[in-house]
Ligand code: NDP
């Protein structure tokens, strides 16, 4: 930032809560937030670091490192184990902390544990956050955790999202490697459905920077490369990284979270879209309220689901399978009385 870049009136600082603040994803995300990579070079950023009591000391250590980085844009940094304190007056929340699946744990146990986290967090957000609140859920199972927070807090559908941007970015990277078209020259990738192994990374509408379709050259969305290599590669990439790196893909998850929130705030190019999981409005036959990943554009600070794409029977069946999984998770949440 040069003096000429400084606007006459500085915008009000943005206050952002990050949960699971002492975890691996947050360890990358917080520094990028403080560097201005989400809200731009003119916005000061206050950070609220929420952790469970056992990890607040670790979060304090992260706060010390943020202080030592001397970020010109960084305002107040607060470390707390209290959700009301963390979410009071926030503009945005990255909900990253979640209960990991324990050895032998059932899916219903995981949903119950996370219901106990995301329900109260949804209520605390509703009670304290600003009107223009933007929530990104990263902690898994992200789609259903987002639905729990939204239902518990009666959040507006436009306030809540879950992250499929990492899947989207992974899909772009795979196509770039296959075609030689750089990721910056690829447009209109879509990841449909749940952030899980049933997700559907879809190349049907993919074009290059000149608007030339790429799906045909790749054998089509229903072709061998897409179904046998591309889709499994994208869906299993997290596990592949754990096996190669020895720990999870935290930095790329944080990077995707930066992309997601930046685009939500500043918009997406008119000739492109990105993948966002948000409460369905019934588009593409996905039952209203289920948190599902769609192709979305950010316009005037709100996500809009791209309308009018024709789905082939093969696309339809992949989307339906993933939506069935989301619906089943939601049924379990209801059956357990978590919302
Ligand atoms: P990470 O920061 O690595 O991950 C946090 C969450 O993000 C997990 O649910 C993880 O899901 C999910 N996630 C989504 N995408 C990815 C990805 N690509 N790579 C890795 N994770 C991904 O977890 P840590 O264990 O390092 O830190 C979690 C922190 O949260 C801890 O400090 C803990 O104290 C805190 N926590 C807070 C809670 C609360 O707020 N009440 C409750 C529980 C923990 P998955 O497990 O499926 O990989």
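Any Cβ shown, glycine's included, is placed from N, Cα and C.
Please treat TrEMBL annotations as automatic predictions, because they have not gone through curation.
Here's what TrEMBL has on this protein:
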- 195: active site, proton acceptor (ACT_SITE)
- 20, 21, 22, 23, 24, 25, 26, 114, 121, 138, 139, 140: NAD(+) binding site (BINDING)
- 101, 107, 140, 170: substrate binding site (BINDING)
- 15-160: domain 'Lactate/malate dehydrogenase N-terminal' (DOMAIN)
- 164-332: domain 'Lactate/malate dehydrogenase C-terminal' (DOMAIN)
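Shown here: features listed in TrEMBL, placed on the structure.
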residue : record                       : DSSP class
20      : NAD(+) binding site          : coil
26      : NAD(+) binding site          : helix
107     : substrate binding site       : helix
121     : NAD(+) binding site          : helix
139     : NAD(+) binding site          : coil
170     : substrate binding site       : helix
195     : active site, proton acceptor : coil
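Checking the recorded positions 20, 107, 121, 140, 170, 195 against ligand 1 with a 6 Å cutoff on the Cβ atom leaves 20, 140, in sequence order.
Recorded residues residue 139 (NAD(+) binding site) and the residue listed as 'active site, proton acceptor' have their alpha carbons 11 Å apart, per Cα-Cα distance. For the substrate site listed in the record, the two most distant Cα atoms among 101, 107, 140, 170 lie 26 Å apart. Each residue contributes its Cα atom, and for residue 107 (substrate binding site) and residue 26 (NAD(+) binding site) these two points are 25 Å apart. Look at the binding-site residues 24, 26 and count other Cβ atoms within 10 Å of each Cβ; 24 has the fewest. For the recorded positions shown (121, 195), fewest C-beta neighbours within 10 angstroms: 121. Across the domain 'Lactate/malate dehydrogenase N-terminal' (15-160), the DSSP tally of helix, strand and coil residues reads 69 helix, 27 strand, 50 coil.
Residue 107 (substrate binding site) is surrounded by 13 other CB atoms, counting those within 10 A of its CB over all protein chains shown.
When the recorded positions 20, 22, 24, 195 are screened for a Cα within 10 A of the Cα of residue 140 (substrate binding site), the ones that qualify are 195. Around the Cβ of residue 22 (NAD(+) binding site), the number of neighbouring Cβ atoms within 10 Å comes to 24.
Put simply, the two farthest-apart Cα atoms among 20, 21, 22, 23, 24, 25, 26, 114, 121, 138, 139, 140, the recorded binders of NAD(+), are 20 Å from each other.
One residue stands out among the binding-site residues 101, 170 for having the most other Cβ atoms within 10 Å of its Cβ: 170.
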